[in-house]
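Student: Encoded as structure tokens, here's the structure I'll be asking about.
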Amino acid sequence: MPLCFLSVRPPPPPLITCHFSPSAVRAPPAVSAPAPASAAPSHSLSPNATPPPSLTCALHCPHFESCSGCTHEFNLHRPVIVDEATEFFKAVGVSDFTFDSCKLWGWRCRAKLAVRGSSENPLIGLYQEGTHNVVDIPQCKAHHPSINAAVGLLKQGITELSIEPYDEDEGTGDLRYVQMAVTTHDTSLPASERYKNGKVQVALVWNSRNENSPNSEKLNALANFIWRNGGTRSKVNLVHSVWANFQTSTNNIIFGNRWRHLLGERDFWEHVGGIDISLAPSSFGQANTRAFDTLLRKLQRYVPQGSSVADLYAGAGAIGLSLAVTRKCRSVRCIEINKESKLSFEKTVDRLPNLVDSSISWHLADTSKEPLSWITGSDVLVVDPPRKGLDASLVDALRSISSAEYKAKSSSESQLSSSSKEKDEKRPWMLRAREASVQIGSKITSEDSKTLPRTLIYISCGWESFKEDCELLLSSKAWKLEKAHGYNFFPGTQSIEVLAVFKRGQGVSLKKKKLGKKKKRL
């Protein structure tokens, strides 16, 4: 591949938006050539409509099969796993499961890529399945076009400046990984132009302890090259900012603990769920921002106005804060184990509308330790766990929530207050969480502090772990599954994002039951 950086931004891929209900007919096998881009406008299909030929929703990626990122080429709008999900939800009483598919190409706005090869022939991409051999993916169809353009610019800089990619066997070289994150929230552009003109935050993972290491001159030279050719004063304004992360570990962890802002804007913003979200390069961010926004809009419908909300596995608080604004919540409490998310949370809060009148807090804590203490005081509990699913202790707490409510009502307020203080002194993680917390607005009232959630909203990125958690919750008879929606966050893969709404049943027996233990997952 030529290593020149094009002076013209690549055109965005054609956009097909397919909305399918469970009864939608599957697309027939392809028998014709793929339709041209001009023949693939954005559209919505009803269950009775004739679906497009499978090649209309095909990947058409030159890296398919050699790259481990995508697992199937055809019918991107409806992965096979949707059929399994439809049957699963029907079996547990939800017959109206829906599945939404947004952008099928150019949807990935956040990518972590390995850098290997040589300075003359750098390879930037993903590991081949089951190996640590990097597959170069310069024309990835999943990536936002700006990411591919930024990768091309980075390759040019590596070659011209003789930057050595990392060698895993020897532990040598300079550049180990790169994270590309695209912001599509540029208010200086019309809304219709913002996505295709997204700017890239480039985070270079450098093989050194800090910015004072001997090879730091090369790092600065590479950062300056990227900014000079892609920054605000270049012919093509492609780059939002350049960051450095320092990592010398020999394990598979991508990022080290030390970050440094080098060039461009420090603050990175995206608009989802009705609010502006600040995301540091060290914070977790959804790769498919459009699909995430669609999910948030749906989620908001299930949260009553004025609710008290607990947001577990909250990250920078995107879900909880969007609810505080759109649902005028009485209180929102965000609990997250990654300390790097705190600064992003604070910046997001600073940009919230002045009319927001909520008690908002963020706590650095591990929700697996006495989870009941974090969910008490909320009407609605939102959980967005990693792929492994909910912590076993949290599942147990939710299964026995009726017993916990009964005990709380049986105790006097004074007894609760005194015992809580005594317990906190014996639980150092609770004290640390209080010290690291952020509190905005008045604290929750004593009446609020005794409530337990009657609505549980579960956002899942791991289908197998969700099924296990769902079955455990339903088997306890404490919860009933009311609604379920699927989202195509990762077109080209057998993966779906699930939004499930559970309600606590009326008249559930308060007798404590013997609980089955959730199996530990690897």
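The backbone N, Cα and C atoms fix where each Cβ goes, glycine too.
Nobody curates TrEMBL annotations by hand; they come from automatic prediction.
According to TrEMBL, the feature S-adenosyl-L-methionine binding site maps to GLN286, TYR313, GLU336, ASP384. What TrEMBL records for CYS461 is active site, nucleophile.
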Student: Filter the binding-site residues GLN286, TYR313, GLU336, ASP384 down to those whose C-alpha lies within 10 angstroms of the C-alpha of the residue listed as 'active site, nucleophile'; answer none if the list is empty.
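Tutor: For the residue listed as 'active site, nucleophile', the binding-site residues whose Cα atoms are within 10 Å come to ASP384.
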Student: If you measure every Cα to Cα distance among GLN286, TYR313, GLU336, ASP384, the residues said to bind S-adenosyl-L-methionine, what is the biggest one in Å?
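Tutor: Farthest Cα pair among residues binding S-adenosyl-L-methionine: 16 Å.
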Student: Go through ASP384, CYS461, the listed recorded positions, and name the one with the sparsest Cβ surroundings, counting other Cβ atoms within 10 Å.
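Tutor: Minimum Cβ neighbour count within 10 Å, taken over the recorded positions ASP384, CYS461, occurs at CYS461.
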Student: Can you tell me how many other Cβ atoms are located within 10 Å of the Cβ belonging to GLU336 (S-adenosyl-L-methionine binding site)?
Tutor: 25
